[in-house]
Amino acid sequence: MKYKKHRDLIVNGSLYKVILKISIPLMISELIQRAYTLTDMYFMGRMGSVQVAALAFVDPVINAVMAAGMGLSVPMLSMVSQNIGSKNYEGARRSIGNLVFLASVLSILIGLTGTFASHPILRALNVTGTLLQEGASYLRIVLLGTFFTFMNVCYLSVKQAEGDTMKPLYMNIASLVFNLLLNPLFIFKMNMGITGAAVATVISKGFLAAYGIYDLFYTGRGLKISREHLKISKEDLVKVMALGIPAVITKSTSPIGNMLINSHAVGYGAAVIAAVGLGNKVNSILFSLSTSLCASMSTIAGQNIGAGNLQRVREAVRKMGVITILLGIIGSAVIIGFSDPILAVFTTDPAVVELTREFFIATTPTAVAWGIYQIVMGVHQGAGYTKISMYITVIRLWLMRIPLVFILDRFIGARSLWYSTAVATNAIGVVAVIFYLSGIWEKKNKYITA
């Protein structure tokens, strides 16, 4: 069984080999996920700044809605990886079945509710006129595909917990190719505009979801589950909720905060909104690489904690720290140094280009602090201490970034949107290190039976 070979490497093999083997496919997969949204942004940029601004507005809404599914991925990763680490493979299968069942029910409810609530949600964010119509058209279609997104999250989390990150990479590549082919077809050939971009994205994600379901239930190449596992006891539900609710709050906090900030930013005009949206999209390429380290850290921490090998987790943190610092420095230099040719791909509006360039100078160097923050998040998620991850995230957004936006707005106007981000992200890197050194993650988690 491949998952047993992966376990042996993660628990006993060379740590640099483990980090590279897990992280590199995850990094490429993250880049592909960024490419999904950048593809839409590219084609919308060919239509106009209104469409770019519409995508910038609906992204946080979509991320907030999807946070429930993403939140379920954290307890799945913690439970499955620790059970694999302790060689309790049936316990791992039971955890997978529990979470796939919950994700299925939740995704259907969210998809139906969110579809009918698209217009009211955007109106509540002060979106009006053409921006409202374009944003709601995109949002409605994407939310209809919530089931596909949640199934993808479940499948990718299982593979990641096993330590198999290559298969998800192959499937993400195939899904991106579908998206690249379908986008121009629906947007321009069929004259569907922004709605066509949403349709292309949903179909592409549906392709990946179909394969993931097939692989989990029928191939037996990894941890195979059956219909018998698609149930959840009261005891298991309590465990999932204890780990999942803080994870959902963690995942939803940022997009909800971004929606609030976007609502505040409306007064600055479409150029500022487009600049922040575009800047975040480009930055997300670099920041997603650090997020991949967090994901691989969750797997390494989970399996080694399950195996009782805490010293190996500490060693992994040190090695990943060096990697993420170097990555942040080099990546920041590239984005800032080549900002003009990068932005030329997405927009020709000189006002948007100038504002986005300023955005990069202020926020991109925080990739170093972001990477440290993500590694610490990964350790606590792998250990099952999702409350700690929640605390760190809430501190960054609600105690630092959002208050700073409104305080700095009085002095520097629109630039408060990016300088508040810079200050909050650098500060949270320090806070994350303090939480890690406290040693909470080293204690046995009562909600995980491994």
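Quick reminder: no glycine exception, Cβ is built from N, Cα and C everywhere.
Copied over from TrEMBL, here are the features:
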TRANSMEM  9-32  transmembrane segment
TRANSMEM  52-74  transmembrane segment
TRANSMEM  95-117  transmembrane segment
TRANSMEM  137-157  transmembrane segment
TRANSMEM  169-188  transmembrane segment
TRANSMEM  194-217  transmembrane segment
TRANSMEM  320-339  transmembrane segment
TRANSMEM  359-376  transmembrane segment
TRANSMEM  388-412  transmembrane segment
TRANSMEM  418-437  transmembrane segment
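Using a Cβ-Cβ cut-off under 8 Å and counting only residues 6 or more beyond its ends in the same chain, the transmembrane segment (137-157) has close neighbours at 29, 54-55, 58, 61-62, 65-66, 69-70, 72-73, 76-77, 80, 96, 99-100, 103-104, 106-108, 110-111, 114-115, 118, 121-122, 168, 193-195, 197-199, 201-202, 205-206, 208-209, 212-213, 215-216. The stretches the transmembrane segment (359-376) and the transmembrane segment (169-188) do not meet in space: the count of Cβ pairs below 8 angstroms, excluding pairs fewer than 6 apart in sequence, stays at fewer than three. Through the fold, the transmembrane segment (169-188) approaches residues 25-26, 28-29, 32-33, 35-36, 39-40, 43, 47, 194-197, 199-201, 203-205, 207-208, 211-212 of its own chain, all at least 6 residues removed from its boundaries and within a Cβ separation under 8 Å.
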